[in-house]
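There's a structure below that I have some questions on.
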Amino acid sequence: METTPLNSQKVLSACKDREDCQENGVLQKGVPTPGNRAEPGQISNGYSSVPNTSAGDEATHSIPAATTTLVAEIRQGERETWGKKMDFLLSVIGYAVDLGNIWRFPYICYQNGGGAFLLPYTIMAIFGGIPLFYMELALGQYHRNGCISIWRKICPIFKGIGYAICIIAFYIASYYNTIIAWALYYLVSSFTDQLPWTSCKNSWNTDNCTNYFSQDNITWTPHSTSPAEEFYLRHVLQIHQSKGLQDLGTISWQLALCIILIFTIIYFSIWKGVKTSGKVVWVTATFPYIVLSVLLVRGATLPGAWRGVIFYLKPNWQKLLETGVWVDAAAQIFFSLGPGFGVLLAFASYNKFNNNCYQDALVTSVVNCMTSFVSGFVIFTVLGYMAEMRNEDVSEVAKDAGPSLLFITYAEAIANMPASTFFAIIFFLMLITLGLDSTFAGLEGVITAVLDEFPHIWAKRREWFVLIVVITCILGSLLTLTSGGAYVVTLLEEYATAPAVLTVALIEAVAVSWFYGENS
């Protein structure tokens, strides 16, 4: 849906200076206050001014197009906006701060030089992540369009970028929410006096199960497995029933129920747009910080916690000479802040036009990076405690990466703390809220893009379109709910997401900076 051409010859006879009005049902923009005006096509004081060749006294003025797009205000009235500024900020923070901040950053940090890694991480944030983050917020707020239709105003030949982003967002939502389903399964299992991953006497345990927290004399062998490991692999994932990607096995009905419940929550959180999701994030975006604070204090009081902190922050400056460290720093800041997913464009498009998006970019980026850093203390104080209990080096305990770090190592540590049930409940509830925030954002990016591109079909049917999106994601997640679903999740995470998103983001940056230009 196109706006009225900027060089229209139509006389705004009914419009007064500096006021907006409607003529023949079309929203017209009034004449700005005389003063310093930009050249045609340039931005001046938040407006894009072009000459007005209308007859009469108004020929000496310029007609601003407040965003040059304003999407479909012509037919649909004013675009929906955030109820409060904090709704937007919490939504962006909730999107950027996800499960990766908890498990990926601490692992990459100690693997790439500990405290020394913070130097390349900060440099990549300043010169790479934050500029891209700001670029998407500015473009979304200025053009007020989703990731598909915005390219009509930037460079139409790159419109395929928007469709690629939507496709990527679909399969990310499919496998990402499976991880949330695992957390929900753990949460439900935590409502017991004794957490089920503390014992070797369950039906899913094997003869190799060894509980080294037991008071009995035990012998730990290379074939020994912990109760937490067997609970995760054999009970939750049931991975022993799969032979790999070539034979995934059957769908777990327990995980299927979890995924349906999760997507039901997602649907009723985003079906009405940012007005509803902006309220939900007041809980889902703030609760993780409360839990992280509690876990940080608890972890710091555990025996051996200092060992984990030293292991986490001890700098290895020689690592900075390795190219891989800088590549990991760039990848981590990119996936942490999340440009290239269409979410920032969508969220910013619901801002008021004069919103200070530069300040928003700085605030949310700093909060995100600090959350990653603090999460490292939450994780490694517990890893130090685990090493102390096992009488091992921290490096031996910290071998697990990705979901295993949360669902095996950290879950096992929690199970052997006083008040273990309480800490297990809030920990897995935190993981669920972190995942939900990111899913709200990812799907909103797709929904906004499609509604802006096809308003004549979906503008008044948002609830139905959101339902179609949710059902599609549930169907797409079925493979990840099988016994070999963990293999599918790993495959998509490692080979389908990272290369695709990096490619899309690179093309987007080139299209905006080179073809669109800094003066457009």
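Backbone N, Cα and C atoms are what each Cβ position is placed from, and that goes for glycine too.
Note that TrEMBL annotation is computational and uncurated.
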To which of Asn145, Asn356, Asn368, Asn391 does TrEMBL also attribute binding of Na(+) at the site defined by Gly94, Ala96, Val97, Asn101, Ser336, Leu434, Asp437, Ser438?
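Matched candidate out of Asn145, Asn356, Asn368, Asn391, per TrEMBL for Na(+) with Gly94, Ala96, Val97, Asn101, Ser336, Leu434, Asp437, Ser438: Asn368.
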Go through Ser336, Ser438, our binding-site residues, and report the one whose Cβ sees the most other Cβ atoms within 10 Å.
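It comes out as Ser438.
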Take the C-alpha atoms of Ser336 (Na(+) binding site) and Cys209 (disulfide bond) and report the distance between them in angstrom, rounded.
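That comes out at 36 Å between the alpha carbons.
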Write down the Cα-Cα distance for Cys200 (disulfide bond) and Leu434 (Na(+) binding site), rounded and given in Å.
31
When you look at the transmembrane segment (464-489) alongside the transmembrane segment (160-188), do they share 3+ Cβ pairs under 8 Å, ignoring any pair fewer than 6 residues apart in sequence?
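These two segments touch.
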With the transmembrane segment (118-139) as the reference, find which of 88-106, 280-306, 326-350, 495-516 contributes the most Cβ pairs under 8 Å.
326-350
Just to verify a number: CA distance, Val97 (Na(+) binding site) to Cys209 (disulfide bond), in angstrom, no decimals.
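Spelling it out, the Cα of Val97 (Na(+) binding site) and the Cα of Cys209 (disulfide bond) are 35 Å apart.
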Against which stretches of its own chain does the transmembrane segment (326-350) lie, if we need a Cβ under 8 Å and a gap of at least six residues from its ends?
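Sequence-distant neighbours of the transmembrane segment (326-350): 71, 79-82, 88, 91-92, 95-96, 100-101, 104-105, 108, 111-112, 117, 120-121, 123-125, 128-130, 132-133, 135-141, 143-147, 150, 162, 165-166, 168-169, 172, 274, 320, 357, 365, 368-369, 372, 441-442, 444-449, 452, 498, 501-502, 504-505, 508.
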